[in-house]
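If you look up TrEMBL, you'll see 12-34, 70-88, 95-115, 135-156, 163-185, 191-212 marked as transmembrane segment. The domain 'Phosphatidic acid phosphatase type 2/haloperoxidase' annotation in TrEMBL covers 94-206.
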């Protein structure tokens, strides 16, 4: 590696780590506030606002949409994606796609066990079990769709296709998070916390993978 490449790599790493730290600070800030009366009141206002748009048709579509962030759907998508990557001999990308969401799911369970926040009781439209913070759907969808988009960025050739891929991933992530508020099974701060810690975790995984790629290609 020449001197300019080393400087570029150090700049890339420092930038990513700075963003990771910001996401961790955001997560910690939210996590310290979740039991406060003001935050709970704010959460309820947002839930009531989102639920003010309820219709039978919207509820049906939202219930379908939220399943795209479920463990079952993500697990199936990971298996299919990993098999396709292996068929094209993209083994390292397949491992990335399997491990990053898998470990991220365990991290979410661990964080929920730590914070033990109960779910909201404002007219939930579906039944969910377990603790609320951080949202498993928002954290899981960000990690999975973010990982899938990152994998596709390695495969797609044109910048236009890459931009569309990132845009679609972002839309899915945001819509799944919003669906959890609409359905009344998460506080908005659960969603924000899930996005924050999920983003930090995903960026660290990408950084580790980039390091692995550079070492492998030496």
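Residue positions begin at 1 at the first shown residue.
Using N, Cα and C of the backbone, Cβ positions are placed for all residues, glycine too.
Automated prediction, rather than curation, is the source of TrEMBL annotations.
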- Recorded stretches the transmembrane segment (95-115) and the transmembrane segment (163-185) touching, at least 3 CB pairs under 8 Å: no
- Note on the structure: Other same-chain positions with a Cβ less than 8 Å from the transmembrane segment (135-156) and lying at least 6 residues past its termini are 66, 68-71, 74, 77-78, 81, 85, 90, 93, 96-97, 100-101, 104-105, 108-109, 112, 162, 165-166, 168-169, 172-173, 176-177, 179-180, 186, 190-191, 193-195, 197-199, 201-202, 205-206
- Query: Who are the chain neighbours of the transmembrane segment (163-185) in space, where the CB to CB distance is under 8 Å and they lie at least 6 residues beyond its ends?
  - Reply: 46-47, 50-51, 53-54, 58-59, 62-63, 65-66, 68-69, 119-120, 122-126, 128, 132, 135, 137-138, 141-142, 145-146, 148-149, 152-153, 156, 191, 194-195
